[in-house]
Each structure stands twice: as C-alpha cells, then as structure tokens.
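Trainee: Below is the structure I would like to discuss, written out as structure tokens.
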Amino acid sequence: MGIFKIEGGTPLKGEITPQGAKNEALQILCAVLLTGDKVRINNIPDIIDINKLITLLGNLGVKIQRNEPGSITFQADEVNVGYLETEAFKKEGGALRGSIMIVGPLLARFGKGYIPKPGGDKIGRRRLDTHFEGFINLGAKFRYNREDHFYGVESPEEGLTGTDMLLDEASVTGTANIVMAAVLAKGTTTVYNAACEPYLQQLCKMLNSMGAKITGVGSNLLTIEGVESLGGCEHTILPDMIEIGSWIGLAAMTKSEITIKNVSWENLGLIPNTFRKLGITIEKRNDDIYIPAHKDGYEVKTDIDGSILTIADAPWPGFTPDLLSIVLVVATQAKGDVLIHQKMFESRLFFVDKLIDMGAKIMLCDPHRAVVMGHNFESQLKATTMSSPDIRAGISLLIAALSAKGTSTIQNIEQIDRGYERIDERLRAIGAKIVRA
Ligand SMILES: CC(=O)N[C@H]1[C@@H](OP(=O)(O)OP(=O)(O)OC[C@H]2O[C@@H](n3ccc(=O)[nH]c3=O)[C@H](O)[C@@H]2O)O[C@H](CO)[C@@H](O)[C@@H]1O
Ligand SMILES: C=C(OP(=O)(O)O)C(=O)O
C-alpha cells in the first residue's frame, strides 16, 4: 500500500482545475448500458473507482474506444449478461459502490441485473433497500442470497411497468438506479422523494438526450414516461463539487492564494456559503473561485441570536455529507467554535482521533456530532503518521498535514486515489511538498 510524505507549513499558490465529478461519472458510465448505440462521455476522471467501473463494463462486453484524455466512446451492442453469473464478476462487482448502478440499466434492457454487496467507504450502514424496493415496484422479482450477499432482480415476461412510487429515503444511487430502470418501462413512472443532486440532474439530461422522457429534473418529483428504446449521445461530466470544496478548505487552512478554475458555480448549491460561514473569503471571478491568502486567519460566524454555528448534512439541495470531514478539519484553525453534525453516516467522524493527536481541539459528542474549538492559528497542528480510513477523511488528513509543522506520513492512500486524480502531482504544481512512496 502506498504512502504520502507531506512536509507542511508552507503556503501554496496558483491555479487548480477540478477533475470531472466521480459520483456523476459512476451514474453516467452505467447509463451507457441502456443503448446499443455509441455514447461519448467527456471529462471522465482518471481515478481508481472509475477505472474499475470501466474495466467492469469492458468485461460485460461493452466496447471502449479511448479518444483524447478523459474522453471515451462506449458501445453496449454486444453485452454478455452471462458474465453476471461468473465468480470473476462477484469479485469485481463488489469492489466499488458505483457498480450497484449497473443493475437498473441491465434489468431494463436485458431483463435481469445481479450484483454482489457493493464496496465503497466503510462509513456506516449503507443499505440498498431503496434501490430494490424501486425495482420491485416496477414489477421485478427480487432475490437475495444472504450467504454470499448476492442481490438479483429479474423482470417478468412482459417487462417492467411504470408506477407511482414514494422512496423511503432520497438515496442518490438508488434514485439513479430506479430512473435508469424506469426509462424503458411500459407507461409512466413517478418517483417522489427522489434525490436531486447535480449528479442526478446530469444523468436525467443525458437520458433525455438519448430519447428518454423525464420531467421534474432538479426536483424531488420525477415523472418518467417510458420509451421503447434509447439512442446514442455525447455527454460532458461536470467539475467535481467535492473536489472544489476540498480545495477551498485546503486554501484556507494553508493560508494559500488559490484560484479554482471553471467550477460551474450554478451547480455548487450551498457549498460556497457554507465555507463562508467559517469566515473564508470566496470570490466569484467569472466561472472561477478565487480564494485570497487568509494571512490573518478566518473567523466563524455565529447564528443571528449568537448561538454556536452548526454545520450539518442533508439531501440536496442541503449540504453534502461528503464535505463535512473537510469542513471539520478547516474548523480546527478557525477563530470560534463549530458543531459538526453528520446526520447520514454513523462512522464518518471517528477520524477526528487523528486530528486530536495532531493537537486539534475537538470533542466527539457521539458518532454523529463533534464540537470543534478553533485554534485561530495560535497553535499549529503537529505532524504525525496516520492512515486514511475513507476517501474524505483521507483528504481531510492530507489538508491537516499540509498545514502542520513538520513531515507527516499518510498510509492507505488508495482511499484518496480512488476519488482524487493525480493528487500529489496537482498539489506539487501549486507548491505543495508531497511525495508518493
Ligand atoms: C457513489 C455515490 O454517489 N456515493 C454517494 C451517494 O452514496 P449512496 O447513494 O450510497 O448514499 P444514499 O443516498 O443511498 O444514502 C447515504 C446515507 O444517508 C442516509 N440517508 C439518505 C437519504 C436520506 O434522506 N436520509 C438518510 O438518512 C442513508 O440511510 C445512508 O446511510 O450519496 C451519499 C449521500 O449523499 C454520498 O455520501 C456518497 O458519496
Ligand atoms: C462516500 C463516498 O464515496 P462512495 O459512495 O463511493 O463510497 C464519497 O465520494 O465521499
């Protein structure tokens, strides 16, 4: 397993361009299974999770033609559904979270979809009930083998049939999966309590450009009029909003002047304002974000009545849970106190132990809540050796290491590489002292 060695304490300077969004790319790549025509996808991030999914599609028989870097043309005209029943698939399908979203398209187009328990971060319970309840509502038969955690759905002879459904929770990958199954079902499906992240808006736009009939895009009520078949299209993935948030946090905590290029401001939702609540100056310059060097630190804004600032996650358009670990680390050097409330996942805050070792003042109240008492840079974090437990804790620890005095070591960096493209190289380009060993 690789490690990063990071010498912290020096401000960075320059421009950084976000990669394509990992979580959008996972949905979009699965959607290529919905047609036998060519689908060209641009701005695909070159990261472990995405590359694993591309390999999986290739093993299913999807033709993959690489264009310029980041652009691939897929053609699913000779899909080998038999691959789903092989031992190789059982291993491969369980290696990442996003693979769950091949089930909806396969069920819709080929009448069956199987998947082993998907991987992804170990950040608490990650149920799949919403996905499978959705397929069952469309008429699919469901089976689950408890021994090897293998899930399967099959459609009846007459195919899937549209219906009205109310999801038990606004699951991101669950909504994507159900939408991809419903686009080819007979009749109309309505999905209420649908997730509506930009990832999903992009997926629906892509499906519509392939000939699907989806309305309500961007809201929590989607109406999908089923069509006979879909055709090819070209789609460009948005910049990764979680990477953008990560670079905002990095800039503030290392007192660096950084411009984040081409961020697609209209798709950032509450992200800029949430960092502003920590006292970080974020300027909109055309479609870039400019962050000045915070030489005098940043001061947390309290609520109107003076009570302690709380930053909590919520389904979109709420604040994404994937940025809470980054907000937490940035708060350790703010002037003022912040309560971080991670409502969705119960094991995502345990990495604070490592920050406490580095000298951060954090009180973990329970698995979901931590109070951070900012140092206001009066005391610098100390370098240490740490292991990255999940992707976002990993990047948070990396930010902490870049702001700390001395040389830190981060182990288990595959966790970071699965979501951040050539991160060491890109950070070195703006002056970071980071090497991969
Ligand atoms: C590949 C991918 O796209 N992964 C993202 C996706 O995962 P994923 O789609 O797996 O996450 P879900 O949206 O299904 O649910 C995430 C967690 O939040 C809980 N939950 C969800 C909705 C809700 O209204 N209430 C609630 O409590 C779920 O029970 C679960 O524990 O969405 C998560 C939530 O934004 C992100 O952290 C992941 O990065
Ligand atoms: C939790 C995440 O990813 P995954 O769902 O792939 O585990 C994430 O991107 O923060």
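Cβ coordinates are placed from backbone N, Cα and C, and glycine is handled just like the others.
Because the structure is a prediction, the values reported are computed rather than measured.
For reference, TrEMBL lists these features for the protein:
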ACT_SITE  D121  active site, proton donor
BINDING   K22, N23  phosphoenolpyruvate binding site
BINDING   R97, D322, M344  UDP-N-acetyl-alpha-D-glucosamine binding site
DOMAIN    7-427  domain 'Enolpyruvate transferase'
Trainee: Inside 10 Å of the Cβ of K22 (phosphoenolpyruvate binding site), count up the other Cβ atoms and send me the figure.
Mentor: 25
Trainee: Give the residue from the recorded positions D121, D322 that has the most other Cβ atoms within 10 Å of its Cβ, counting over every protein chain displayed.
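Mentor: That would be D322, with the most Cβ atoms nearby.
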Trainee: Applying the rule Cβ within 8 Å of the centroid of the Cβ atoms of R97, D322, M344, what extra residues of the same chain belong around the UDP-N-acetyl-alpha-D-glucosamine site?
Mentor: G120, D121, I123, R126, V172, P321, F345
Trainee: Taking the domain 'Enolpyruvate transferase' (7-427) alone, what is its mean pLDDT?
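Mentor: The answer is 96, the mean pLDDT of the model over that range.
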Trainee: Sequence gap of 6 or more, C-beta under 8 Å: which same-chain residues meet both conditions with respect to R97 (UDP-N-acetyl-alpha-D-glucosamine binding site)?
Mentor: L26, D49, P118, G119, G120, D121, R126, T173
Trainee: Suppose we screen the recorded positions K22, D121, D322 by Cβ distance to ligand 1 with a cut-off under 6 Å; which survive, in sequence order?
Mentor: D322
Trainee: Does DSSP put D121 (active site, proton donor) in a helix, in a strand, or in coil?
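Mentor: Once the DSSP labels are grouped into three classes, D121 (active site, proton donor) ends up as coil.
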Trainee: Taking the Cα atoms as reference points, how far is N23 (phosphoenolpyruvate binding site) from M344 (UDP-N-acetyl-alpha-D-glucosamine binding site) in Å?
Mentor: 17
Trainee: If the criterion is a C-beta within less than 6 angstroms of any ligand 2 atom, which of the recorded positions D121, D322, M344 pass it? List them in sequence order.
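Mentor: The recorded positions passing the 6 Å Cβ test are D121, D322.
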Trainee: For the binding-site residues N23, M344, which Cβ has the most other Cβ atoms within 10 Å, all shown protein chains included?
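Mentor: Of the binding-site residues N23, M344, the highest Cβ count within 10 Å belongs to N23.
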Trainee: Which of the three DSSP-derived classes (helix, strand, coil) applies to K22 (phosphoenolpyruvate binding site)?
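Mentor: Where K22 (phosphoenolpyruvate binding site) sits, the three-state DSSP reduction gives helix.
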